[in-house]
Structures are given as C-alpha cells and as structure tokens.
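Features of the protein shown, as given by Swiss-Prot:
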ACT_SITE  Glu85  active site, proton acceptor
BINDING   Gly13, Pro14, Met15, Phe16, Ser17, Gly18, Lys19, Ser20  ATP binding site
BINDING   Phe115, Ile159, Glu160, Ile161, Ile162, Gly163  substrate binding site
BINDING   Cys140, Cys143, Cys172, Cys175  Zn(2+) binding site
Amino acid sequence: MNSRSGYIHIILGPMFSGKSTELIRLLKRYQVAMYTCLVIKYSKDERYGRGLVTHDNDSVPAIPVNSLNEINCNDINADVIGIDEGQFFPDIVEFCDYMANNGKILIVAALDGTFLRQPFGNILNLIPRAEYVLKLTAVCMICFGSASFSKRISDEQEIEIIGGKEKYQSVCRVCYFKINN
C-alpha cells in the first residue's frame, strides 16, 4: 500500500441522471487543485468519438479501452482516475481497489441497474470497497417525477446496447411498468 491515501468514489444512477456530468465536474475540480487526471471510457461507446462527452456536450479527453487490464497500472502517473460507464468493465473492482490501495483517487460513473432493473455487471460489488457512493436520479420522461430506472424503448434484448434517447428513457417506478408510453 502507498502511504498516500487513495479512495473510491462511485456515482450511480439511471440513464440521463447526470453521472458523466458529475464525473467531469469532479475531475475539473481536481485539475484546479493541480492534481493530474486520467479519464478512461468504454471503447464500444463510440457515440461521441474518443473523448468523454455528456448528453449536454461537455467533454474531456479520455482513453478508450475494452477492459481496464489493458492499462498498465504501474505506468499511470495520474493522481485521479475517472472511469465512465464503469458497469461495462468486468475488472472494475480489482482495478479500482488496487489503484486506491496505491494512493490513487478513483471516481467511477456507472449505471447501477440494467433496463430489466437487475444489477449491471460487477459495479455493485465495488460499493463495499468505496468510501463514497452517490445515487443520482433523473427526471421521468413520462410523468416528469423523479426517475430511478432506465427503460429500454427499442426492441433489442441484449443487456449491452449502447444508446441515448433513441433507445432509453429514464422512468419512475410507476412508469417503468406502463406497457405503452
């Protein structure tokens, strides 16, 4: 373990809840404080090119990878590591735990549940190892109440379908169970 204290900060929530926006906000705050930051994004999310881009078009440069083990942990010189779409990385727990134990600050933005309201990937296993966990809500795109869930509105049945408003809605509990929107 490194003598400098690292930690893990997780930002969870449904689609359109501002997870990536909050991740970028925190990263920019660390940059103002003269911390060096590295941003990692899921390589199969090609909606906005190589960088991390929010639905509001705020952006930061990012390294696209399929798996976190593609990154040589010993070569990371950054103080802070931001990871977007953390639910897609099967090695998220081991990577974050190792890096935090070696003095790095990890900020992970991720969906907590699938469109079926099931745990998404390995991300919930990271919670017991995290110092900070924030669960955001969105606005229900049907009734405009508070939304905690992502509902797929396209016909695909695979868990990993990357998309935006053309494929998903943020919904509340009541609207999640409505058949026709």
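Each Cβ is built from the backbone N, Cα and C atoms, and glycine gets one as well.
Sequence features, as recorded in Swiss-Prot, placed on the structure.
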{"residue": "Gly13", "record": "ATP binding site", "Cβ within 10 Å": "24"}
{"residue": "Pro14", "record": "ATP binding site", "Cβ within 10 Å": "27"}
{"residue": "Gly18", "record": "ATP binding site", "Cβ within 10 Å": "18"}
{"residue": "Lys19", "record": "ATP binding site", "Cβ within 10 Å": "27"}
{"residue": "Ser20", "record": "ATP binding site", "Cβ within 10 Å": "22"}
{"residue": "Glu85", "record": "active site, proton acceptor", "Cβ within 10 Å": "23"}
{"residue": "Phe115", "record": "substrate binding site", "Cβ within 10 Å": "23"}
{"residue": "Cys140", "record": "Zn(2+) binding site", "Cβ within 10 Å": "22"}
{"residue": "Glu160", "record": "substrate binding site", "Cβ within 10 Å": "12"}
{"residue": "Cys172", "record": "Zn(2+) binding site", "Cβ within 10 Å": "23"}
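In the structure as shown, the Cβ atom of Ile162 (substrate binding site) sits within 10 Å of 13 other Cβ atoms. Sorted by the number of other CB atoms within 10 A, the binding-site residues Met15, Ile159 start with Ile159, the lowest.
Within 8 Å of the centroid of the Cβ atoms of Gly13, Pro14, Met15, Phe16, Ser17, Gly18, Lys19, Ser20, where the record puts ATP, the same chain has further Cβ atoms from Leu111, Leu136, Ala138, Ser170. Reported as a whole number, the C-alpha separation between Cys175 (Zn(2+) binding site) and Pro14 (ATP binding site) equals 14 Å. Within 8 Å of the centroid defined by the CB atoms of Cys140, Cys143, Cys172, Cys175, the record's Zn(2+) site, lie the Cβ atoms of Met141, Ile142, Phe144, Gly145, Ser146, Ala147, Val171, Arg173, Val174, Tyr176, excluding the listed residues themselves. For the pair Gly18 (ATP binding site) and Glu85 (active site, proton acceptor), the C-alpha distance works out to 12 angstrom.
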